[in-house]
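K.L.:
What follows is a single structure, and I will ask about it in a moment.
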Amino acid sequence: MSITAQSVYRDTGNFFRNQFMTILLVSLLCAFITVVLGHVFSPSDAQLAQLNDGVPVSGSSGLFDLVQNMSPEQQQILLQASAASTFSELIGNAILAGGVILIIQLVSAGQRVSALRAIGASAPILPKLFILIFLTTLLVQIGIMLVVVPGIIMAILLALAPVMLVQDKMGIFASMRSSMRLTWANMRLVAPAVLSWLLAKTLLLLFASSFAALTPEIGAVLANTLSNLISAILLIYLFRLYMLIRQ
C-alpha cells in the first residue's frame with residue numbers, strides 16, 4: 001500500500017483535534033512535573049547568585065573559558081543546575097511519550113481514556129522510555145556538538161524508537177536499531193516531520209523569554225506545555241506512520 005505524508009498528516013490532525021483536551025492535560029501535567037522537579041533539584045537562588053561573583057564574563061571567549069574561570073564551588077553549582085534541568089526534562093519527556101502513546105493505543109482499542117489513566121497505564125514502561133530518551137538525547141547532542149548535521153540525522157533515525165518500544169514491547173537497543181533501519185527506508189516520510197518539529201521547538205525556544213513576563217514559574221509551565229503539545233503531535237504522526245508501514 002502506498003503511504004503519502006499528506007494522508008498521515010490528515011489522520012494526525014483529526015486525532016489531535018478529537019483528543020485535544022486529553023493531550024492538553026497530559027502536556028500540562030508533564031510540564032508541571034518538569035518545572036517542579038527542576039525547582040526541587042536546582043541550587044538555591046543564593047547559590048545561583050554566586051555564579052556571577054568574580055567571573056570575568058567580558059574576557060571569556062566562550063563557554064569553556066567561562067567555566068575554567070569559575071571557582072570549584074561555582075563549577076559544582078553550575079553542574080548541579082545543569083543536571084537538575086536535564087533530569088527534570090528527561091522525566092517530563094518520558095511521561096509525555098508514554099502518556100501520548102497510551103492515549104493512542106486506548107483510543108484505537110475503543111476504550112475511554114483520560115490523562116491520568118493514560119499516564120498511569122504507561123507507568124510500567126516509563127523506566128525503559130527514560131533510558132531510551134536519555135540515550136537518544138545524548139547521541140543527538142554529541143552529533144550537534146560535532147557538526148550539527150549528524151545530530152539532526154540521529155534525531156531523524158531514532159524518531160520511531162519510542163513508538164516501537166511501547167507498541168511492540170521491544171528492548172531499548174532493539175528499538176533503536178529497528179528505528180534506524182525502518183526510518184532509513186522511509187526517510188521521505190519521517191524526515192520532514194522531525195525537521196518541522198525541530199524548527200518549531202527552536203522557534204519556541206527563541207520566544208521562551210517572553211513567557212517569563214507573567215512569573216518565571218507560570219512562564220516555564222506555559223512554555224513547557226506548548227513544547228509538549230508540539231512533541232505530542234510528532235508522536236501521533238510517528239505512531240500512525242509506523243502502523244501504516246507495518247501493514
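Including glycine, each Cβ sits where the backbone N, Cα and C put it.
The shown structure was predicted, so the numbers you read here are calculated from the model rather than taken from an experiment.
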K.L.:
Same topological domain name for PHE15 and SER114 in Swiss-Prot, and hence the same side of the membrane?
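P.N.:
Same side, per Swiss-Prot.
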K.L.:
Give the nonlocal contacts of the transmembrane segment (225-245) in its own chain as ranges (CB under 8 Å, at least six residues past its ends).
P.N.:
1, 3, 8-9, 11-12, 15-16, 23-24, 26-28, 30-31, 92-93, 96-97, 100-101, 104, 159-160, 162-164, 167, 182, 186, 189-190, 193-194, 197, 200-201, 204
K.L.:
Which residues of the same chain, at least 6 past either end of the transmembrane segment (90-110), have a Cβ under 8 Å from a Cβ in it?
P.N.:
15, 19, 22-23, 26-27, 29-31, 33-34, 37, 117-119, 121-123, 125-126, 129-130, 133-134, 137, 162-163, 166-167, 224, 228, 231-232, 235-236, 239
K.L.:
Could you please provide the mean pLDDT value for the topological domain 'Cytoplasmic' (111-117)?
P.N.:
93
K.L.:
For the transmembrane segment (118-140), what are the same-chain contacts with Cβ under 8 Å, counting residues 6+ beyond its ends?
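P.N.:
Cβ under 8 Å, 6 or more out: 22, 26, 29, 90-91, 93-95, 97-103, 106, 151-152, 154-155, 158, 161-162, 165-166, 171-172, 175-176.
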K.L.:
Pull the DSSP breakdown for the topological domain 'Cytoplasmic' (173-186) and write it out as helix, strand, coil residue counts.
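P.N.:
Result for the topological domain 'Cytoplasmic' (173-186), in helix, strand, coil order: 13 helix, 0 strand, 1 coil.
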